[in-house]
Number of protein chains: 2
Amino acid sequence: MAEISRSELDEIYDFAVQLGQDAGQMLLDAAKLRMGDGAASKEQKEHIEKENAVDLVTETDEDVEAYIKSQITSRYPSHKFIGEESYSKGSSRDYLIDDEPTWCIDPLDGTVNYIHLFPMFCVSIGFIHKSKAIIGVINAPFLNQSFSACSGRGAWLNGTQKLPLIRNPIPPMPENAPKGCVFSCEWGKDRRDVPDGNMHRKIESFVNMAAEIGGRHGRGGMVHGVRSLGSATLDLAYVAMGAFDIWWEGGCWEWDVAAGIAILQEAGGLVTTANPPTNHTNAPIEDVRLGSRLYLAIRPAGPSSTETGRKSQERTVREVWRRVRNLDYSRPGA
Amino acid sequence: MAEISRSELDEIYDFAVQLGQDAGQMLLDAAKLRMGDGAASKEQKEHIEKENAVDLVTETDEDVEAYIKSQITSRYPSHKFIGEESYSKGSSRDYLIDDEPTWCIDPLDGTVNYIHLFPMFCVSIGFIHKSKAIIGVINAPFLNQSFSACSGRGAWLNGTQKLPLIRNPIPPMPENAPKGCVFSCEWGKDRRDVPDGNMHRKIESFVNMAAEIGGRHGRGGMVHGVRSLGSATLDLAYVAMGAFDIWWEGGCWEWDVAAGIAILQEAGGLVTTANPPTNHTNAPIEDVRLGSRLYLAIRPAGPSSTETGRKSQERTVREVWRRVRNLDYSRPGA
């Protein structure tokens, strides 16, 4: 297995940040063509009129992934590449990440937002080595926000503001978490109206987290706010920022979360599984498995007078597990 | 009743845009003091350590409102002023807007977001004349986004991009709306776990909008996405932008929505009541009443080959009404 030196890693990080910027610009340029004041050429305008927004976005998605892939392949020909677009077209959804240096890319996360030009979309670039996401770059061009992290180098907003944003000191998780927490969650694509389907399991969990203390047969969590952005990648970025305290989600693939997990872990956050283990009050809290499709993320937390930051995160994990249902997402063949 | 000339109105508009920028900067400066890299003085740091985030935010909220009020009062001493902070402290929540020139201000919308430093917060400045919101300015400083509109002058993002963003041509509402629509909604503060309370009425409505077509006893709307930002003002701004197709909410006060409604209406959007009238398939679709606390907003829409834009908006209103419950928000004494 190839080792990577500190200086090589720093170089890869710089390359990834620049790649994120260039790819983000491509997304923004393509979005502007669809806007009224876009400087589209006559050919572009005819092209836009002929296709619908969804087709145009699919095209951009593929173009951006091809660009990223070509940049990586020419700079690092020995590295593996896993991209959403190329992966989706393959016949298998096996878990492909191993110990080799691997790039894990989503050219466009928040596709629905991008189609509707809601600013919460981004390009997501993760670099994985020895099965761990160690570099993450998330570029959200319509928000002018770039999140990045490299193992040992800290996590950053726009390269200048260290994450989490509030850090003198970094606050512990609230004493009565999830009360006082901003809870981030997504409705997702599985909308089947079957009593025990994922949509109803999610809703039941969301309502438990939101309801007043004492409500829901003692499961009411009275979170401070419930947020849904439509981008798993940006959810993770805002957990790393400390703006969201808790993110709970099932169904994402590794390219949706690789960069975000790298950034969140480097910022001091905790990522584990969404599904409560049988003995959820005592079970060990295991590090997330990148290909698990089930994620629970807790923001960076500092110590209080009675607890370490990690303890307060783990306490929060158990309080979430107490309120959520198991979600039914597996891998083909898993 | 005082008449306002075109040139006076343009002058008021310029003043409001500048006021939004200055107030937004105050919000951002105060937020930066709480961040790790804020250039806080020794006195400020001691002050920040002594107070909790909520108290600090309340203080900022009051400071910004006082600033806005003083600017308005010295420039336009004859105009009335309604601000969230001053209003909340009064004994009554009567509807105070009449035909006089009136400023309707929320110094900080998205308070929970601001406490947690999630970027979706803003200052909201509405100017009302003859009971209609005719100028709106929404400044979201952490997003670098300023939305503004003045009756007859169009609606704008950052003063340069006309709203809605997609306008060559402006698309009609989807043929099978709410399918294909981004649906924006908020969980709000009323989290009582009582079977017929607002929380459960909202959830039931959200699930109807989200579920697959054919689900929910025929009420499934299969919206393209469900979004919750935690700011009524920014929800309206994104409907004006065309990024959200539908926003449905109860409980807001006039300062939460005055600016947003001015911007959305100037962009070509429709705002009516959240609560379905008894005969919701035929009832006339009335313009929103600013003090009603019940709002349903539809994005600007252009004509299709079979329908005017307005018709497609009205069709969407009825499809939403068919899927949502009545919400229970009234005014004291109303």
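Note: Cβ is positioned from N, Cα and C throughout, glycine not excepted.
The model shown is predicted, which means the values in this text are computed figures rather than measured ones.
Per TrEMBL, Mg(2+) binding site is recorded for A:Glu84, A:Asp106, A:Leu108, A:Asp109, A:Asp256. Taking Cβ-Cβ distances under 8 Å and a sequence gap of 6 or more within the same chain, the neighbours of A:Leu108 (Mg(2+) binding site) are A:Leu27, A:Val57, A:Thr60, A:Asp61, A:Val64, A:Tyr114, A:Phe121, A:Cys122, A:Val123.
The Cβ of A:Asp106 (Mg(2+) binding site) has 34 other Cβ atoms within 10 Å, all protein chains considered. Counting other C-beta atoms within 10 Å of each candidate's C-beta, the binding-site residues A:Glu84, A:Asp109, A:Asp256 are led by A:Asp109. Cβ proximity to the Mg(2+) site centre (mean Cβ of A:Glu84, A:Asp106, A:Leu108, A:Asp109, A:Asp256, cutoff 8 Å) flags the following additional same-chain residues: A:Ile105, A:Pro107, A:Gly110, A:Thr111, A:Val123, A:Ser124, A:Thr233, A:Trp255.
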